[in-house]
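Trainee: One structure coming up, written as structure tokens, with questions to follow.
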């Protein structure tokens with residue numbers, strides 16, 4: 001100890017030391033514009049604070065959205081060197097993060113599906129907001145805004161929620177025929193993705209009651225019950241989300257809960273006096289400058305655009321359905337919803353078409 005004290009005093013006396021706090025120095029060569037040599041700066045004692053929106057930011061498929069993020073120093077230190085900004089997308093269980101974007105000064109790099117769609121907005125001092133264009137269904141979720149200034153590294157988490165609808169889906173082969181990977185594909189075929197738990201819970205809170213178990217995006221199998229009954233977990237259980245937990249993604253088979261967002265285009269109905277076969281229905285949509293609508297598009301048009309049609313029509317998967325906003329005689333049950341005739345092998349019906357605006 002006496003030798004260490006002596007060495008320290010000699011350094012102080014020589015005047016050739018660098019000031020320091022808590023014995024830490026750090027290198028910020030990535031932020032140095034002066035020359036190619038490493039520069040060492042001292043920690044100045046200011047606290048770095050990062051803040052994002054406390055409320056979810058809502059958007060929809062195809063839109064542009066800004067996820068706000070700002071940082072500051074306490075006390076304010078005035079102009080600072082370039083800092084590093086990193087945005088990541090979190091999994092629901094926080095076990096893994098997906099890199100979205102990294103920025104240093106005016107240089108930024110986006111990763112994966114966010115290439116060409118994401119950039120950092122720095123319109124004001126200490127802003128680090130993330131702008132995502134052409135929002136996709138799988139963009140829904142939690143995001144981390146991280147600001148790195150040398151040894152200081154602070155972050156905050158916010159949520160992007162897509163306005164959408166959850167709908168149960170089973171293929172033409174019937175109930176409980178899909179493993180997890182097949183469930184993912186059938187949802188994509190219907191202009192949707194597998195729903196996550198938060199989306200299913202929101203749908204349940206809005207009235208979804210479905211007694212068939214279906215896959216969710218995390219590999220669990222669950223189903224929403226508003227009215228407890230014997231075949232759906234028993235009459236003595238409270239309303240809620242029934243869960244089978246994690247299931248084998250290859251071996252076990254169930255239905256699927258799909259999630260579709262609000263539309264950029266429109267769904268409209270076409271018919272002929274004698275009706276149409278499925279192939280004739282597809283051609284009619286093409287002749288109208290559109291395509292035959294998918295199930296997710298019909299559900300979205302029903303919920304967000306108020307599509308109400310008491311006429312059955314073909315959809316792209318070969319099913320026949322119709323959307324009812326205002327229940328009335330000869331149009332099915334007394335509740336609003338999308339009615340289904342299943343997958344008829346014969347018959348002539350109208351068709352629902354989808355056209356981008």
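Note: Cβ is positioned from N, Cα and C throughout, glycine not excepted.
Summarising the annotation, TrEMBL assigns disulfide bond to 211-232, 310-331. TrEMBL lists 46-163 with the feature domain 'Ig-like'. For 165-260, 266-355, the entry in TrEMBL reads domain 'Link'. TrEMBL lists 1-15 with the feature signal peptide.
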Trainee: Tell me the Cα distance separating residue 211 (disulfide bond) from residue 331 (disulfide bond), rounded to the nearest angstrom.
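Mentor: Residue 331 (disulfide bond) and residue 211 (disulfide bond) have their Cα atoms 22 Å apart.
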Trainee: Going along the chain, which residues six or more apart from residue 232 (disulfide bond) have their CB under 8 A from its CB?
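Mentor: Those within reach of residue 232 (disulfide bond), by Cβ under 8 Å and sequence separation of 6 or more, are 211, 223, 225, 242.
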Trainee: Work out, from DSSP, the number of helix, strand and coil residues along the domain 'Link' (266-355).
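Mentor: Counting residues per DSSP class in the domain 'Link' (266-355), I get 20 helix, 26 strand, 44 coil.
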Trainee: What are the DSSP helix/strand/coil residue counts across the domain 'Ig-like' (46-163)?
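Mentor: Once the DSSP states are binned, the domain 'Ig-like' (46-163) shows 6 helix, 66 strand, 46 coil.
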Trainee: Given the model, what does the mean pLDDT over the domain 'Link' (165-260) come out as?
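Mentor: It averages 96.
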Trainee: Have a look around residue 211 (disulfide bond) and count the other CB atoms within 10 A of its CB, chains all included.
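Mentor: A 10 Å sphere around the Cβ of residue 211 (disulfide bond) contains 14 other Cβ atoms.
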Trainee: Count the other Cβ atoms sitting within 10 Å of the Cβ of residue 331 (disulfide bond), across every protein chain shown.
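Mentor: Summing over all protein chains shown, residue 331 (disulfide bond) has 15 other Cβ atoms within 10 Å.
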